[in-house]
Every structure is written in structure tokens, then in C-alpha cells.
Amino acid sequence: MTPPATFAVAAGTHSQLLAAGPRVASSSNSRRAQLRVRAVATGPARRPVSSSPPPVAPAPASPSPLQQAAPRRVPLGIQEVDNGAILGFSAELSEDHPGFHDAAYKQRRVNICNLARSHRIGEPIPHISYTAEEVAVWGSALTRLEHLFQQHACKEFQRSWPLFDLRPDAVPQLEDLSQVLQGTTGFRIRPVAGLLHPRDFLNGLAFRTFHSTQYMRHSSKPDYTPEPDVIHEVIGHLPMLADPSFASLAHAIGVASLAADEEQLKHLVKLYWYTVEFGVVREGSDVKAFGAGILSSYGELQHMAAGGAEVAPLDVWQPLPKISYKDGYQKRYFALESFEAGAVELQAYCASLQAGLTDEVRAAVGLAS
């Protein structure tokens, strides 16, 4: 899933997350990635001036006694991460949604969302018997995207892709895919009814849990969805989460979210948006996609490959631009000079926030004390 921002995803233009909301109306991916990031703005820590380790991000100023609120409780396990704080794109659809006037589709969404709400940690993920119409939508998106991956997807994505054995004639079940992830990087999938609050979504990553929707976009627009759906989750996110280096990075972002104050969370969500959702990396003289908002959108992937957007270096310590999810395809991608070097920088920023965690929390997320 994508942190909430506001989301629009197209199997030919796919985007939208953790941006307290993620995605774009004309870019299915952009928007979805944005949905997950919708509740986030700026506020990074400053880059260290010397070669010494980055400083710990400063704690927010203490409010006066009259302003003090109850301290935020940091979860110590995935059971304590709320997957019911849905910000949107659940069973309720807005009037501009392709399925708004389709009563049968809306009821189908209700049924699938209710299965996610009833799921309990430790139980198998509910099996969805996808209809022939839903399988056709899945197959169309998968077939179109696969033609572009060899040339435009990063090597980490291509290395993990065969692990899932995705076929156009069958929508995969999240339980089966979760078992693949657990066997490669220790991540698992937890079903969710829609776009989670960004802190809850990122907190899940700290416990190596990826929250994923199970419903399918409307058949009238197989290359577009205004929210994260099973196509975005499975095709865009899971292959990268099966890569050990990327999974470690996702885990670090999640752990950092446990310690982040509200301003730091805003910057963290933007980092997620411009990397996990819309990140690109240089491989020699080529620019390749590793962000789910690009890799799950036929249109966004073509847009990137054609040089339709500016490619700028990513500086994790500097403020990042406002997330755009209403202007079609992305106007700017932030590139890692190499996946390895970029991961080191991102890990360093996350570590600057993680330093404030208690030993109890560090132990709960698998960090050495």
C-alpha cells in the first residue's frame, strides 16, 4: 500500500503511499503513491558538516504545561499498529471514481474491505476468489508492464521478479506472496481496507510488515485507479521488498517513523514518496526505475523512459518539494547515483532519528542496543 496522500494509479500510469497519501489523477501510480503520503510536508534534519556520523535530529521544543498532550505511544509489535485508521479509498468511493455508479462494484469493494478488517495477526490472509472480469483487468496490466521491465526496471527489481511467478491468467493471493517475502527478506503482508494513516503505514515497516489492499480497480479503466489496488501493491512493491538491500532500507524508514515527531514524519513521508514510490537510480548512463509508482504504471514508466521529467540528485538532508498528485505524471524524479550509495545516505538519515529510541523499542524492531 502507499502512505496516504491522495492517489491515482494507472496500470499505464501508476502512482501514490505513503505520502500520507499517494497518487495522481492522470498518473495512476503517482496518485497512489501520493495517497500514502498525503499527510506529509517538509522538515528534514540538517546534513552534517563533517565526516563524522550525522547528528541526532533535535527533539521538538517542549510545550507549556497547559499545552501538553498525552505522550504518543510507540508500538512494540505489529499487533500494536492500528490498521483501521483508513484515510480514504476504502469501500466508500467519491463521485469521480470510475466505479462510483456501479452498485455491484461498490458492494464487491465492501465485501473485500470487510475481510481485511476482520483479519487477525497470525491468521492466513483471506483468500479472494477474483472474478473473470477482475482477472482480465489484472492480466491486461501485467502483460503491458512486463514488456517494459527488461529495459527500464532496475536490476534489483528484475532479479526478484521471477520469485513471484506472476501470470496474466490468475490474480495472486496475498498469503502466497507473503510466504515468498518471508522466505527472502523476512517481510510479511497484512491486508488493509484502504489507505492507512502515514504513521501507521510506516510503523508497520518497522516490524517488517507491508500493508496491502486486495481489491481491483474498476474494469472500465484498467490502466487507471485513483487509489492503491492489488495491481499497484503486487507488481509495484513486492519485487523490491524481496531484495535484501531494499528491504533493509524500508525497515530503516519504518524504524525512524517510530521516533519521528510530526515535522520529521513529514520529511520521512516525502523521502518515502520520492524513493519507494517514485525513485529512480542510475545504472551506467541509464536511468532505471525502482519506485512502485513507476513500476506499476504503464504510462508513468513510459514517461520516465522517454525523459519526460527532470532527473535531480537526491539529498536526503535537504527539504524536498511538495508532493504533486493532481498534475499527471511526475515532473521531477530524484535519482540515486547508485543503489548502494543512495541506501547508505538514506540509512544515515534514518539512523539520526532512530538514536532517540529506547532500548525496549530497539529490541522490538531487531536493532542492537
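Placed from the backbone N, Cα and C atoms, the Cβ positions cover glycine too.
What TrEMBL says about this one:
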type     : residues               : note
REGION   : 21-70                  : region 'Disordered'
COMPBIAS : 51-63                  : compositional bias 'Pro residues'
DOMAIN   : 57-369                 : domain 'Biopterin-dependent aromatic amino acid hydroxylase family profile'
BINDING  : His232, His237, Glu277 : Fe cation binding site
Cβ-based isolation winner (fewest other Cβ atoms within 10 Å) among the binding-site residues His232, His237: His237
Neighbour tally for Glu277 (Fe cation binding site), based on other Cβ positions within 10 Å of its Cβ: 38
Rounded mean pLDDT for the residues that make up the domain 'Biopterin-dependent aromatic amino acid hydroxylase family profile' (57-369): 91
